[in-house]
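What TrEMBL annotates here:
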- 1-33: signal peptide (SIGNAL)
- 39-151: domain 'Gnk2-homologous' (DOMAIN)
- 161-267: domain 'Gnk2-homologous' (DOMAIN)
- 309-335: transmembrane segment (TRANSMEM)
- 368-643: domain 'Protein kinase' (DOMAIN)
- K396: ATP binding site (BINDING)
Amino acid sequence: MIHLELLAMASGSMPRLLIAFILISCVVHRGRAISTILPAVQYIKCGSQKYELGSGYDDNVRWLLPNLTESVIKDGAISVLAGVGNRASDSDPDDRVGCVAMCYADHGREECAQCLRYVAGRFLQGKDCPNARNASAFYDACQVWYYQLPPVVGIGYSFMAVTRNLGLDLTGSQDVVSFRTKRRLLLQDLSSRAIASKQYAAASSTMYSYGSDAASIYGLVQCQRFLSGDNCNSCLNGFIRRIDCDNKTVGAIKGYYCYIRYGTEQFVDYVNEYMTTSSPKHAWATAPAMAPALAPAPPPHKHKGRATMIGVIIGICSGSIVLVSGIVLLLRYLFRGRLSRVPSRQSIQLGSSAPMQFSASQLRDATNNFTDPLGSGAFGTVYKGTMGGKEVAVKKLHSKDGVVGAAFTSEAHMLMAFKHKNLVKLLGYCDTGDDRLLCFEYLSGGSIDKFIYKGSGYVLDWSGRYKIVQGICSGLHYLHHELDHEQNIVHLDLKASNVLVSRGDGGDITCVKIADFGLSKFFKADLTHSYTEQVVGLLAYMAPEYVCKGRISPKADIYSFGILILEIVTGRCAKVGDSSGDFITWVHEEWRGDVRALMDVDGLPGDSITQARNCIEIALDCIQEDPNSRPDAAMIRQRLSHV
């Protein structure tokens, strides 16, 4: 950066020609600094463990760093992984070193070469992370990290350097949905192309709506070339999800294993420099080498006695653990057997007010060993069954890592106490061994995703659609407002497949009920608090603050309800890929206060058209970015009743 204030101070005594010469000398080609400008550091991380100067580890680091960086420069590779073994036969196995170097494809090879040499030099001179056994550096043009072999498990796909506060902030703009949707689709497409390329990198651009015009978004993705395709995809998708919530027009994330950048100005002009190279994904150093994942060699024989003693201790501890575990399991079996009051098959009376605890075998028999699945969601798979002469729906919860025993029973009893005409009734439960099962009433009409969409083969009139909207609103009002404050439930997975109906003989909708409410309470991650890192549900229906920041409130359900209303009114499915972005964009672009733009109104009476318009306006209020701007269930119910 040029310090213009210093030049201004000196302008009185400095010849104008000299000032002009200095300014011209500082001009950059395509916005990039000339080679005399030092590389810009973004992130440096130093491990806490140290090595001694002159040790075998020191020798290996000093050999590997310059050789690896020069290998990248010489071969024109975009990234290289290398490992080096013991350069002296009597070296300690812990002296083995692995190293990774990568050029960022939005910078030229010459700039990357300068960056690599600079970073390696600072490590070797002790200017950064002196004597650290593990160190990493992320710069504008390159990254370098070295580590003790075998590598420490747990680096994962975490981000190290993030740049998100650049460019124009589109928050609150009518263009934000178009921008985020097009950006996501661009980066997802680039991810697929990068995995198929030799260099694990891809760059391109797309257009998005900007006011009455169109503007370009440029994107770049790349992975370390030693990754598998699946691992590269996992890393990139994780970063794309992080970026998906950002409304800035410029951003980037750098991690150990992958890199993503996007912006509204051209920056991908250097990528083709790397696309022509045919260098291998693994470029191993010529010194005695080994893969980073290679297990360490056994320790010298002088530690044999210690190893034997450790083995004896481990054996004793293992035996004790097995014995104690056996006793605990026996006591648990006896305790459960004494206290459980599992009714026999003959005594089952569904619909009684008393909580019902079933055995796993009873529910297995009722569902014919779970052979008739009705659907699967975020929390489990539902199977059709028959019990006590009545049809039931039995849900097998997915995760075994959840509440069990008394906590599970308590949550089940609480849900069974919720009685509302628009909520699916919980009839009983099972929590024995690995089986966590919930038994619900069965609604013959099925879920509304089977018939509300165009082309589903079933035509639902407006009266039926409006009844569904009213029923969902009534159920949400009960969950959000009619329970004790401690019991209020945020659904978090409200979608078309979780809204069930019953039909009369003529096919008319007679009953609308919300399913899967409160199921988050059966998992250890308590999703009823204000924040969670465990986001569940279908992305197309999920509120931005929930997806991006894990924020939980009834307003997250209101957002989902808004998407549902638009689906019910328009007959279109919100899920495009795994997002509702295109669907919302289409609604905003088409809606001008005329119902005909979003639905077929032929033959509809005037009051039905008024109801439809009211529903659309409510839905648009429900899907606002700011949760505080969304109405609550009480306000929605009032607005629906006034038409």
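Each Cβ is built from the backbone N, Cα and C atoms, and glycine gets one as well.
Cβ neighbour count for the residue listed as 'ATP binding site': 19 (other Cβ atoms within 10 Å of its Cβ, all protein chains included). DSSP labels the residues of the domain 'Gnk2-homologous' (161-267) in these numbers: 36 helix, 44 strand, 27 coil.
Look at K396 (ATP binding site): DSSP puts it in a strand. Sorting the domain 'Gnk2-homologous' (39-151) by DSSP state (H, G, I as helix; E, B as strand; all else coil) yields 39 helix, 33 strand, 41 coil. Model confidence over the domain 'Gnk2-homologous' (39-151) stands at 84, taken as the mean pLDDT rounded to a whole number.
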